[in-house]
Number of protein chains: 2
Amino acid sequence: MSLRTSIATVCLSGTLTDKLHAAAEAGFDGVEVFEPDLVASAAGPEEVAALARRLGLTLDLYQPFRDAEGVTEEEFADVLRRARAKFRLMQRLGVDTMLVCSNVGTATIDDDEVSASQLRRLGEAAAEHGVRLAFEALAWGRYVDDYRRAWRIVELADHPAVGTCLDSFHILSRGHDPAGIEEIPGEKIFFLQLADAPALTMDVLSWSRHHRLFPGEGAFDLPAFLGHVLRAGYDGPLSLEVFNDTFRQTEVLRTARQARRSLTWLEDQVARLPDPPVRADGPTRLPDAAPPTDVDFVEVKAEDAGAVDVLLRQLGFDFRGRHRSKPVRLWTQGRARVICNEQQARDWSPTLAAVGFEVADPAAAAARARLLQAPPVFRRTLAGELDLAAFRAPDGTEVFLAGPADGDAAWVREFEDGEPPADAPLLTGVDHVNLAQPWQRFDEAVLFYSSVLALDAGAGQDVAAPTGLVRSQIVCSADHAVRLALNVAPLAFDHPDGFPQHVAFTTDDVLAVARRARERGLRPLPVPASYYDDLQARFDLPDATLEEYAGLGILHDRDGAGEFTHFYTETVGGVFFEVVQRRGGYEGYGAPNAPVRLAAQHERSRRPGW
Amino acid sequence: MSLRTSIATVCLSGTLTDKLHAAAEAGFDGVEVFEPDLVASAAGPEEVAALARRLGLTLDLYQPFRDAEGVTEEEFADVLRRARAKFRLMQRLGVDTMLVCSNVGTATIDDDEVSASQLRRLGEAAAEHGVRLAFEALAWGRYVDDYRRAWRIVELADHPAVGTCLDSFHILSRGHDPAGIEEIPGEKIFFLQLADAPALTMDVLSWSRHHRLFPGEGAFDLPAFLGHVLRAGYDGPLSLEVFNDTFRQTEVLRTARQARRSLTWLEDQVARLPDPPVRADGPTRLPDAAPPTDVDFVEVKAEDAGAVDVLLRQLGFDFRGRHRSKPVRLWTQGRARVICNEQQARDWSPTLAAVGFEVADPAAAAARARLLQAPPVFRRTLAGELDLAAFRAPDGTEVFLAGPADGDAAWVREFEDGEPPADAPLLTGVDHVNLAQPWQRFDEAVLFYSSVLALDAGAGQDVAAPTGLVRSQIVCSADHAVRLALNVAPLAFDHPDGFPQHVAFTTDDVLAVARRARERGLRPLPVPASYYDDLQARFDLPDATLEEYAGLGILHDRDGAGEFTHFYTETVGGVFFEVVQRRGGYEGYGAPNAPVRLAAQHERSRRPGW
């Protein structure tokens, strides 16, 4: 049993009927009807009401009603006339709660008694139509911009049809302490709207109208917020109201599922609070799932993965054989495992297609993923072969969940006729995997990796490429054993192989790896001489070191905690590899070097036959 | 003779050599070398210097040098070491001026004397290498964030190799009064960086890094700013430093030309100041050009424009005949003229291809456009036919410049075998033309229309469509005789006919036009019943009026100044028409109705055979 869920139609793209279909399909219990969606809908109120009934959706809220209180009595007469027209409409729709926003445009009287008196009279008119009013403080209300003041006015109005509406954005964006919510009687909280948001420093109106996110995608502490609301005794739906430029234009069912996933995640987080609010209907915990402990494997898919085989050999990987039933090859070195998959890859140039993660309890992790509506991936598996649960990440990457292994993973035994692994591998594992994200999927990806895989999202940053800024965000496990870099290419980026993705391997001796690779014929990504001039200016490195770095295409970075030394292979199709050595407590990714890498890749991509 | 111009390489996309080629081709005299562009460049300093020489470009500035002053003496030793490495590099490049930014990261000493002493010693080292330092206050400098303080420190440093750099963004974004610039001796202003920006309320660092614009595209008063700088006696180049997410990724030569156009516009604006600074080399005025006085014609282009002919007939247009030498037809009503052009339009569905403007002096307007590097359009013209100057707007629309006419424009006589115009036309002219803009071209379009056609850009707004937010911006003549709406479709919008564009015609009796059109078989864009319910709630219109509006698909808006009543045709290809009646001083465009229109169009577009 879970808490009831709802979503404002403004969160979704398409017509009002599209939105209702998608909300129902994604598993919501109800919707908030955003007035402009109804006004623009070819389907009128009776048709919308009937469709909602057929789909099993409740219509939980009609919103917004603006400029209602704090006005002159002359203006209030027109407010009442407007409101009565909306109450009649709500009866046709079958919605019993209307959102009344604190006045932004027409208020001239900054007086709680006046606002309360006007709300009371609106409440009296509402009650005649079986309607109740949920009064909400907008963060930019002219006089009422704090939920505590909105609640004082509701108390003063003292009418059974007048309560308050709480919106996490309006409260948390202003930095107001949500603990005070617990002092509001639950039955007077008529409605709850939830939205997350990134930490931005900008005017709160633009922040609200363009940048809201679903819970778990932003920087607000929504589990704590919701804890306060539930402890106050609120028993209405958890309803999402997210104004977001991207969600308004992306595929409606996909966004609805993303939205629904965010509430499942949030409910689980609330259930895990130190002092969780307890009710008959929730909050409900998901199966426990610790973050992955390691990258089990990465898979490169291509019609012909031969160029990848060459790179892996140059980097010192051992060929461990062919899969016994599929056109798939395995290369390993230490705990780094790369699968080259040529199955159903007609016309594919090399691309990063899958990442396997080692998790403590694959069954629990898979159950959790299913409850979060992660779309499952099916792969043909023969008797005796390991059947790993797999899901499709928002960018299309397949995510596999494998159990922990000492030494070789269990599925490695399905590969035959290979070499034994070498004794002292120079590469020891995977440092990070860099996955390109379509711009429309980025927020969904952050939620996917943080909810399904329990990874933590760090701060994002922009990296300058010759083709524009690349938005980059790390998601990683608390112990940094698993790190993913999610990169959004510049909008105008357009290449048939897509924006390059890569796997960075760990070593304790990057020079040795680079020298061996060079002996085996590797041509590292070329690094310009000016880079080494700058490196000398920055770090005052010895000439001999710089010379060796330049000869091997090695880049370097340093921060207060330690050092980072690395090199890149050239790109084949949409994939390249990196080898990294970390010293001390350096936890970055060589960000100052990323523009140099991107420029070199851009330069090479214009000389494809080189 | 014009002022010398320069552009920072960070404004442009591609490699450093791409940027140099584009800057030269667009007509810049020099460039600022943005250090990260050089560090990432395969071409080293000697090659870059030689290329610049071949292209006739000077290398005007090396930038930025950070974290230079306000540090401990121990740290300053490393600053000097770093700086010397850069001075040597600058000698290899042949650049003699380095930008030193006020300290953001490492300053711990908030003392002008300390900063001045450190700048002086940097200046002494610089002088040994023939380099001079231009010290600039960043708007977010830790201690030095005001150009007046930066200048005080330069004065204190009192070294011939130490001067100041002024950046319009850092000064105007903080609201600092630029008049004080005139107190700085011109020879101590070592460099000038120019950037415009939209009026945004957000942290100044993000505003600067992502949203700068070229002069004329934003909200800053750059003519006044530059006036102060020139009056101070500055005689270096006008250099653009514009960090902009879009320009970083768009086609490099196109952006360079846009940038160069912005300086031509700016110089003209400065020359028109009430108290213009006067120098031997400028500022130079462009030919005078008043904004257009009317829309002369709009042209719809299609392989088969028959469906457009039908709509025009239903709206009451008179068929004025075929062009004597081209497959082109003319329809007129009052001063509204629509050309249907089927020339070289294979596979084109109807699209708005050209707009003709009536200008007082077409020759001067065309000369001005050419000096602003507007790309010319050539059309085949036979002897005896009027040869109108034409240019291609950033979105591809062809812009024609015609002289003023009483009654029929002169070119109308080239059309033969048509009907005579009716006596009392219901439509009297063109109210506005709505042109879709690719997102990459939007800022360029604002600059194009404001500089080439001398139209004013108003405030933009977002309009909600079922497929996302549409960004809409009006550019119009001061007397509102010519109004264009520039609309950017949501990024994910994808339709083979493009985002619909339209022409709105003016009438004094929209009901009569709608009734006549209905009699002639027009099906107006359907407006949902819920719209009229809402209209009643908003404006309390009489039932009979609402019923007539509903029957004719008429929409309505009202503001403090007046009223706006209008209807839309359905869309054919990528074009539709609107008929508008303005009453009183209403100067808007029915913005509250735009989402209803967009929703209805979306609904219809999914039922193409309807």
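Cβ coordinates come from backbone N, Cα and C, glycine included.
Those TrEMBL annotations? Automatic predictions, nothing curated.
In the three-state DSSP assignment, the secondary structure recorded for B:Asp167 (divalent metal cation binding site) is strand. Per TrEMBL, divalent metal cation binding site is recorded for B:Glu136, B:Asp167, B:Gln193, B:Glu241.
Reduced to three states, the DSSP call for B:His432 (Mg(2+) binding site) is strand. Residues or ranges marked as Mg(2+) binding site in TrEMBL: B:His432, B:His502, B:Glu578.
A mean pLDDT of 95 is what the model gives for the domain 'VOC' (B:429-582). The domain 'VOC' annotation in TrEMBL covers B:429-582.
Of the recorded residues, B:Glu241 (divalent metal cation binding site) and B:Glu578 (Mg(2+) binding site) place their C-alpha atoms 42 Å from one another. B:His432 (Mg(2+) binding site) and B:Asp167 (divalent metal cation binding site) are 38 Å apart (CA-CA, integer value). Comparing the Cα of B:Glu136 (divalent metal cation binding site) with the Cα of every entry in B:His432, B:His502, B:Glu578, these being the binding-site residues, the smallest distance points to B:His432. Between the alpha carbons (Cα) of B:His432 (Mg(2+) binding site) and B:Gln193 (divalent metal cation binding site) lies a span of roughly 37 Å.
For the binding-site residues B:Glu136, B:Asp167, B:Glu241, B:Glu578, the greatest number of Cβ atoms within 10 Å around a candidate Cβ is found at B:Glu241. The two recorded residues, B:Gln193 (divalent metal cation binding site) and B:His502 (Mg(2+) binding site), show a Cα separation of 40 Å. Under 8 Å, Cβ to Cβ, and six or more positions away along its own chain, B:His502 (Mg(2+) binding site) finds B:Leu352, B:Val433, B:Asn434, B:Tyr568, B:Val575, B:Phe576, B:Phe577, B:Glu578. Secondary structure at B:Glu136 (divalent metal cation binding site), taken from DSSP and collapsed to helix, strand or coil, is strand.
Every protein chain shown contributes to the tally, and the Cβ of B:His432 (Mg(2+) binding site) ends up with 21 other Cβ atoms within 10 Å. Summarising the environment of B:Gln193 (divalent metal cation binding site), the number of other Cβ atoms within 10 Å of its Cβ, over all protein chains shown, is 24.
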